[in-house]
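Enquirer: Before we start, here is the structure in question, set down as structure tokens.
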Amino acid sequence: MAAVVLENGVLSRKLSDFGQETSYIEDNSNQNGAVSLIFSLKEEVGALAKVLRLFEENEINLTHIESRPSRLNKDEYEFFTYLDKRSKPVLGSIIKSLRNDIGATVHELSRDKEKNTVPWFPRTIQELDRFANQILSYGAELDADHPGFKDPVYRARRKQFADIAYNYRHGQPIPRVEYTEEERKTWGTVFRTLKALYKTHACYEHNHIFPLLEKYCGFREDNIPQLEDVSQFLQTCTGFRLRPVAGLLSSRDFLGGLAFRVFHCTQYIRHGSKPMYTPEPDICHELLGHVPLFSDRSFAQFSQEIGLASLGAPDEYIEKLATIYWFTVEFGLCKEGDSIKAYGAGLLSSFGELQYCLSDKPKLLPLELEKTACQEYTVTEFQPLYYVAESFNDAKEKVRTFAATIPRPFSVRYDPYTQRVEVLDNTQQLKILADSINSEVGILCHALQKIKS
């Protein structure tokens, strides 16, 4: 059961559009100052009567009501209501009763728009379709300083890749691409140069999985792997999957994908005139830098934790999470025995910076997310500063601790069986979670007994 509250205003869309149009619900004034309330109920006898009884007990006058089957859950109905403006003094207690007594999920989206407005976020993996094409730069268009800007053949090729991404929908196989001889040559140069460094510079997890990618996904100097093959491999390892994207997404949208273990991945390759340079993520960066680590369970969980922390977070915290992502998933270093190795994709896909980051030139600091989240960084040259994690598990716990500081009126968890994000803000949801944990603990205890016997 879910509910959305508006005070002194109406929704920016009617019930028929709820959750489908904008990232924020607007706070506009209506004529009588009524409080607008949207809630959803399981389709069962007496469900709505409980809510109406609650209104009656608190002397709340219901002036308007609409209903429709929920688009998010086929077993629920959604109700759009206007409450008389005199209900405002008891609105807080009503919300508390909806949560605790009836089991409602209540989102106070705009009681105070400046402080409490919660950005829209995807609740199902299918909803990633809504923003996957809202790229910020590049795609089929290139900036004037891009190596391929004056190359009409390259620009036409980029449009082909962009069209693939724009037409893709969740659940479809990723279209296969016949890469040109020049594209394979560019890949080969990057692949050969970087592979020579991995043994001495990359972390254990990267080096452990790389031979498996060569064996099962066609990672070779003379072959650019197909995203669909790599995505299938990832799903068998950690549940992560690839999704083609035409260019750079906003930080909020990109991190939101990680919450569902979806990595938005480019399919095009950098311009052949500069095989060791790219101003944007390309397939070399994605497959050589990111994919090996997404195949590791601990790192996959760490990445998903960053994504889950971003859901519904205020804009200033999205910026902090994006900075944490930059200094970990993109440019992170980790301890490995007495040595320090690279695990960030930006390092593992850059021949020059992979050598530089482990030299005596940059400054190395321990990973402390409160400080890391506020650290400025450069996107045009090698980083002057890198953060060193004790381990992926340690980094994961630090992300969880940091997520607890994000001011949002709920917690979230990902259900891998339904591929949905569950909002945990009422006792009913917590009971379901407790039952799930209890079941897992039971399996653990049973397995321990088997081992002891």
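Cβ atoms are placed via backbone N, Cα and C, with glycine included.
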Enquirer: Which residue of Glu316, Glu319, Glu330 does Swiss-Prot report at the same Fe cation site as His285, His290?
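Expert: Record check against Swiss-Prot: Fe cation site with His285, His290, extra candidate from Glu316, Glu319, Glu330 is Glu330.
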Enquirer: From Ser16, Ser29, Ser67, Ser339, pick the one Swiss-Prot annotates as phosphoserine?
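Expert: Checked Swiss-Prot: the phosphoserine annotation sits on Ser16.
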Enquirer: Along the domain 'ACT' (36-114), what average pLDDT does this model show?
Expert: 73
Enquirer: Do any residues at least six apart in sequence from His285 (Fe cation binding site), in the same chain, have a Cβ closer than 8 Å to its Cβ, and if so which, in order?
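Expert: Sequence-distant Cβ neighbours: Thr266, Thr278, Ala345, Gly346, Ser349.
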Enquirer: So if I measure Cβ to Cβ from His290 (Fe cation binding site) and keep only same-chain residues at least 6 apart in sequence, which ones fall under 8 Å?
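Expert: In sequence order, Phe263, Cys265, Val329, Ala345 meet the Cβ cut-off.
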Enquirer: For Fe cation, what surrounds His285, His290, Glu330 with a Cβ no more than 8 Å from their Cβ centroid?
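Expert: Those within range, site residues removed, are Pro281, Glu286, Gly289, Val329, Gly344, Ala345, Gly346, Leu348, Ser349.
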